[in-house]
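Asker: The domain 'Phospholipid/glycerol acyltransferase' annotation in TrEMBL covers 95-219. Annotation source TrEMBL lists transmembrane segment at 20-42, 54-75, 131-149, 343-366.
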Amino acid sequence: MAVTLEEAPWLGWILVKALMRFAFMVANNLVAILSYICYVIILQPLRLLDSKRFWYIEGIMYKWLLGMVASWGWYAGYTVMEWGDDIKAVSQDEAVMLVNHQATGDVCTLMMCLQDKGLVVAQMMWLMDHIFKYTNFGIVSLIHGDFFIRQGKSHRDQQLLLLKKHLEKNYRSRDRKWIVLFPEGGFLRKRRETSQAFAKKNNLPFLTHVTLPRIGATNIILSALVARQENGSPAGGDAKELGSKSKGLQWIIDTTIAYPKAEPIDIQTWILGYRKPTITHVHYRIFPIKDVPLETDGLADWLYQRFIEKEELLSHFYETGAFPPPKGHKEAVSREMTLSNMWIFLIQSFAFLSGYMWYNIIQYFYHCLF
């Protein structure tokens, strides 16, 4: 499409802004990630003496790193509107977030909207595709203890076994509280056709805005982390008594991400900021773990029902621009999520000052040795 004379200055500014943002992201990644690695190395004696304190400090730095990623979208005008249950009420309990997956921007959106939920981000474990291991953030996720899962039938059984071992080794020893899981096992555009064929073959609902979830990872997580009572039933929270302090996994947070006009944001857009300001909408629904069936067949039916509800939520959103109200209410209430500009300034300043400090320390030792 030809560019008119009136559009040329605007497009030129978009290009210049994208290049400036990209240069800043590169510098931001270099100083922040390398500083994080240096701090982790220097704190290894503390890990031996007081493991809990070490992982607390590591978690705070991890939260700051994710806050920096969130700020890239924030200053491009990519904000979040939250709907449904208030998940701050369960931020100190153990929980699993089940999230629909449309694009790489889903991860960035969650990094943003969870920043104001106390220590959730610091104590969170992500389950993500193994390809993220090879990104700039891969080394940070490896240190933090996130799990990279390889997709495909040929890898499925082995990956589930590795996930079980990973949870047993890292989840409670590192004081993790929340797990983020994308049960669909891939992006909507890549899995929709296969999911619809599976649904038709097995007489399941035909879904267009989400795909049918895979059960394996959810089953492993619940089996490994749900505390059992003496009668074998799960010990978990009560939605009416959010002060419950039962041990083990207590909540399932059904999380639905919706983009205006069903046009998801990808990581390139988040970094370069060439798309117009956009509000992403996130809907939460909290389920106490005691209401979730743990046997495989019952869990499969329960998960399918959640994604059928997601389909209905998204259909309503794309038609009206809003999520439907909860049962018994006349209208849905939304909450605008905000980031503190001062907090962003402070963590960015700390990152660049740390980068400068570590550069001088490494340079000093290099000159001493060589």
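Keep in mind that glycine also has a Cβ here, set from the backbone N, Cα and C atoms.
Remember, TrEMBL labels are computer predictions, not curated facts.
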Asker: Mean pLDDT, the domain 'Phospholipid/glycerol acyltransferase' (95-219)?
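Answerer: Its mean pLDDT is 91.
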Asker: Given a Cβ distance threshold of under 8 angstroms, which distant residues of the chain, six or more beyond its ends, lie next to the transmembrane segment (131-149)?
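Answerer: Apart from its flanks, the transmembrane segment (131-149) reaches 29, 33, 36-37, 40, 58-59, 62, 65, 69, 125, 159, 162-163, 166-167, 170-171, 174, 176, 217.
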Asker: What is the number of residues in the domain 'Phospholipid/glycerol acyltransferase' (95-219) that are helix, strand and coil, as DSSP sees it?
Answerer: 57 helix, 18 strand, 50 coil
